[in-house]
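Structure first, commentary second.
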Amino acid sequence: MNAAATKLPTQLGSIHFVGIGGIGMSGIAEVLLNHGYDVQGSDLKASPITERLERLGARVFVGQQAENLEGAEVVVISSAIKPGNPEYDAARLRGLPIVRRAEMLAELMRLRSNIAVGGTHGKTTTTTMVATLLDHGGVDPTVINGGIIHAYGSNARVGQGDWMVVEADESDGTFNRLPATIAIVTNIDPEHMEHWGTIENLRQGFLDFVSNIPFYGLAVCCTDHPEVQTLVGKITDRRVVTFGFNAQADVRAVNLHYRAGVACFDIALQSEDILIEGCTLPMPGDHNVSNALAAVAVARHLGMKADEIREALDGFKGVNRRFTKVGEVGGITVIDDYGHHPVEIAAVLKAARQASDGRVIAVHQPHRYSRLHSLFDDFCGCFSEADVVAIAEVYAAGEDPIEGASRDDLVAGMIRHGHRHARAILDEDDLERLVREQARPGDMVVCLGAGTISAWANGLPARLSDLDKTAATG
């Protein structure tokens, strides 16, 4: 057998990405470009991501049509691309290989030893933290992430080292195709159930994910989460390192407190009987400290020293749309966050409470009617850390409305669940009126969601700019 045939050939012809501007697709495209492959793709509109890919040498078409495939030899799609898409149909008609995003990612991973970061929540931040620590430790990893890493200005980078760090997306089950050497599991919650169907299937999916690691690999698991603790009990014939706040975790955070939104803590490496004292993470949130512990477990496994770990955590620059401060006007801080699942929303608002001396005003745009419907009671109860909650219209993401799962249904449900100040808002003008009416210096406005709410958050400081003048003259 020719061993070279088991790796991605260096000459594939033009690789066409349908939806090249997507956060999952663009990272793979960027790494392929950096490896010298001929890359092209299409998206429905231009964006900073597509413009960056063009600067790196990709050909990008705005709009999707069959003619875009001229010269293409391979077509890469995400799970969102279905029959009926003109480029998908044209590829089928021409007999071109159609490759799912995860399959192409898996081929890239075969070129390196790999760390795959899985879990319902925290994947993107944890991937960034692993990359940050390994970068600081001289490992120089290649990284493919599901969010823009502030330190890189991109969701991908090509390193010269032997390791690759990737975000493993469980949404369509294809993360089980990734050939991970080290697999991280942050948590397991019901999400993407349109694919998994049952919680038992979801559990099996994560068991398959960690079971794919080789005998010399490592599973890094958060045993603060009951589902992950159960998963650990099912892992056989593979090494496991646990992390969390609980007393049994191999990598444990202790003495945690917050100063001006900065997490201060020590890390107990219990199997080594070592305490890494005086660690700081320049962002609030117990969930972010937990994510950092996963990165520390990997860094320690790869030989990083305690001082290097401490320095890397202190210099962590974060990820776009993960508790990102987009402005401060008149003493009012505006935060943009991707959180769109009740567990994520609760964690982000708890972090906001830790970071703010004033009140917390939450603004949420529900993402998909199906998610709101299936987790309705959880959504009604996840805003308890916010003093004021405003709910925007549901971002449908192509779905049809579901009875009982609307903006107004959620507001009414929150009030029934005991929230004192929940209301509906219509648009950006309504948001501005709400903030002017409710917010005071020292308060924090947290905009949450996976849809267009990010644009609202980023535009809000300019809309409130006169408040700075009022504060200065007052």
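Counting begins at 1 with the first residue displayed.
Quick reminder: no glycine exception, Cβ is built from N, Cα and C everywhere.
Some features that Swiss-Prot has for this protein:
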- G119, T120, H121, G122, K123, T124, T125: ATP binding site (BINDING)
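Within 10 Å of the C-beta atom of G119 (ATP binding site) sit 24 other C-beta atoms, taking all shown protein chains into account. Within the same chain, residues at least six positions away from T120 (ATP binding site) with a Cβ under 8 Å of its Cβ are E170, T186, N187, I188, D189, E191, H341, V343. Non-local contacts of T125 (ATP binding site) by the CB criterion (under 8 A, 6+ apart in sequence, same chain) comprise G147, N288, N291, G318, V319, R322. Long-range neighbours of T124 (ATP binding site) (same chain, six or more residues apart, CB within less than 8 Å of its CB): N145, G146, G147, E167, V319, R322, Y338. Non-local neighbourhood of G122 (ATP binding site): T186, N187, H287, S290, N291, each in the same chain, at least six residues away, with C-beta under 8 Å from its C-beta. Long-range Cβ proximity for H121 (ATP binding site), meaning a same-chain Cβ under 8 A and a gap of 6 or more residues, is found for T186, N187, D189, H287, H341, V343, E344, A347. Around K123 (ATP binding site), a 10 Å sphere centred on its CB holds 26 further CB atoms from the protein chains shown.
G122 (ATP binding site) falls within neither a helix nor a strand when secondary structure is assigned with DSSP, and so counts as coil.
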